[in-house]
Amino acid sequence: MAAAALCPYRALLARRRGALRALSGSVRGLAAGPETHFGFQTVTEAERREKIYHVFESVAKKYDVMNDSMTLGIHRLWKDILLHKMNPSPGTLLLDVAGGTGDIAFRFINYVRSARERQLQQKLKHHQNLSWQEISESYQEDKFKSLGDSQVVVCDINKEMLKVGKQKAQHLGYSEGLSWVLGDAEELPFDDDKFDVYTIAFGIRNVTRIDLALQEAYRVLKPGGRFLCLEFSHVSNPLLSRLYDLYSFQVIPVLGEVIAGDWKSYQYLVESIRRFPPQEELKAMIEDAGFFKVDYQNLNSGIVAIHSGFKL
């Protein structure tokens, strides 16, 4: 009888313990932050940041090789188009975010050097009465300022990606006008109104809070500064879209396994493209951050798009 009498109390205690566990779980969920996505998985924002960090830590050494393999080398053309759209002049101060391996930075330096060389040739053409010695001295003086005070700051949250970029820069002979900074796109370690141009190439879809990253881009740009984003986007051609999906899900993860020994990271990269906002939605987000004259250019039927905006 005593045992039977205790049953209701035990049941009550069990229910209370269950309620406490549920409450505790809810509190832990709140502490971890709101839910978001990591590819097709639902995760907290904190979990997403950690997982993405590990993805790029894992793929850093094979990042360039995989880019060539996945895009058949076309990513190089897309980045060249981005630089021509930017059309930087000597003296431009560029911030390249999520640019750890240096692809945009090196192109920027080459572009500005070419512009400086053209300036020097034009200068000498207009001074036909100069002696050979004066021309030589002028050329040597300008040669040592091949970037004309231009600078590019590469900012990346991942140490391994920056390490790879620095090694490439040393190997390729880039040093003048180039610096590397460890930093988060959502909380940039730079003063307000500092840069002429902000670029982010194939990086914004890996940012947890795109709205915060766009606000930071706006903050660090000078009035009149330009925002440029190169990113995988949404394909407009239905037939191409089906072929692209087949290639993305059936081929790219296999390449990741064969070349980098990492199926999961490249499966995530494919899924992250599908979860990324389409062109018009991203355009609206850029406008919400305060940018004006926002537009975009589709490349290869929208496989990638370049979004542009100005801080006015």
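Each residue, glycine too, has its Cβ placed from N, Cα and C.
Just so it is clear, the model here is predicted, and its values are computed rather than measured.
The annotation S-adenosyl-L-methionine binding site is assigned in TrEMBL to Thr101, Asp156, Asp184, Ala185.
Feature annotations (TrEMBL) mapped to structure.
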residue: Thr101; record: S-adenosyl-L-methionine binding site; Cβ contacts under 8 Å, 6 or more apart: Ala60, Tyr63, Asp64, Met161, Val164, Gly165, Lys168
residue: Asp156; record: S-adenosyl-L-methionine binding site; Cβ contacts under 8 Å, 6 or more apart: Val97, Ala98, Gly99, Gly100, Leu162, Gly165, Trp180, Val181, Leu182, Gly183
residue: Asp184; record: S-adenosyl-L-methionine binding site; Cβ contacts under 8 Å, 6 or more apart: Ile157
residue: Ala185; record: S-adenosyl-L-methionine binding site; Cβ contacts under 8 Å, 6 or more apart: Val97, Ala98, Cys155, Ile157, Ile200, Gly203, Ile204, Val207, Ala213, Glu216
**Prompt:** Listed S-adenosyl-L-methionine-binding residues Thr101, Asp156, Asp184, Ala185 - what's their greatest C-alpha to C-alpha distance in Å?
**Reply:** 16
